[in-house]
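According to Swiss-Prot, the protein has these features:
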type	residues	note
BINDING	LYS42, ARG45, HIS74, ARG91	isopentenyl diphosphate binding site
BINDING	ASP81, ASP85	Mg(2+) 1 binding site
BINDING	ASP81, ASP85	Mg(2+) 2 binding site
BINDING	ARG90, LYS172, THR173, GLN210, LYS226, LYS236	dimethylallyl diphosphate binding site
Amino acid sequence: MISEIIKDRAKLVNEKIEELLKEQEPEGLYRAARHYLKAGGKRLRPVITLLSAEALGEDYRKAIHAAIAIETVHNFTLVHDDIMDEDEMRRGVKTVHTLFGIPTAILAGDTLYAEAFEILSMSDAPPENIVRAVSKLARVCVEICEGQFMDMSFEERDSVGESEYLEMVRKKTGVLIGISASIPAVLFGKDESVEKALWNYGIYSGIGFQIHDDLLDISGKGKIGKDWGSDILEGKKTLIVIKAFEEGIELETFGKGRASEEELERDIKKLFDCGAVDYARERAREYIEMAKKNLEVIDESPSRNYLVELADYLIERDH
């Protein structure tokens, strides 16, 4: 059911992306900037924005610019993240910097970042609410950068605690889903308690989503549209790895950059055998349950129920 709702709302998002984010001159820059947008994706963040607007009893079309702005920010972060991580694949296509070069990819990300705020400013809402929304999205972008820096700095350290990992994930992934869920409450001038509850729904959903994403990196071989096992090879301190290290597990391929499939499979088996994978799954589920509890402040409706189902979907998807 929820997958059909996601597809339906994503269709609206894609149509608006076509309208607002056209290719233009200089062609080389905009081809790079639109590369991931054209590659598709589930559009989960803008779908959450539209469903949140509906759950608040508002016309979702009045939140469409905010939804596109958030998807544009998301794509800007992907372009820059892929440069830093040196990933070659994303969404089943070559990464922007691989195709267009690093200088153009940096400019493409910067362009998307600026376009996001331009699009948000077009929202059909009172000017003072738009200003608040712009301010909140700007703060989210700062926190995303902080989270990305934390993630990179963890790679240089021998050990990272679970609480540090969760704070990094809250910033790198959680806050963008937090603003996705709460920005309609800002634009429509809803009560602060409603805005806060939707923010928390998004934050907790985002943490659960990221933990599940880390799980997919070692279990979603051939499905996730990026390099399988790349987190291990890059030396990323995911919750799974943190737990495995606590259990005294040694991973031969961790942070090595390259390894044979056989070596990688041996290390991944260790993560399953020591209980680290099951532990991460349990933690992801806990965060999703916390997310859903925050929706209780909103009157029951089909759209609220869709948000509940979507939270479950975030940790049940296979890609």
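Cβ atoms here come from the backbone N, Cα and C positions, even for glycine.
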Using CB atoms and a 10 A radius, I'd like the single residue among the binding-site residues HIS74, ARG91 with the highest neighbour count. HIS74
So for ASP81 (Mg(2+) 1 binding site), how many other CB atoms are inside 10 Å of its CB? 18
Spacing of the two Cα atoms, LYS172 (dimethylallyl diphosphate binding site) and ASP85 (Mg(2+) 1 binding site), in whole angstrom, works out to 14
CB neighbours of ASP85 (Mg(2+) 1 binding site) within 10 A? 20
Ordered by sequence, the long-range same-chain Cβ contacts of THR173 (dimethylallyl diphosphate binding site) under 8 Å (at least 6 apart) are GLY147, GLY206, ILE207, PHE209, GLN210, ASP213
Of all the binding-site residues given, LYS42, ARG45, ARG90, LYS172, LYS236, which has the fewest Cβ neighbours within 10 Å once its own Cβ is left out? LYS42
Within 10 Å of the Cβ of GLN210 (dimethylallyl diphosphate binding site), how many other Cβ atoms can you find? Include all protein chains, please. 25
Please tell me which one of the binding-site residues listed here (ASP85, ARG90, LYS236) sits closest to LYS42 (isopentenyl diphosphate binding site), measuring Cα to Cα? ARG90
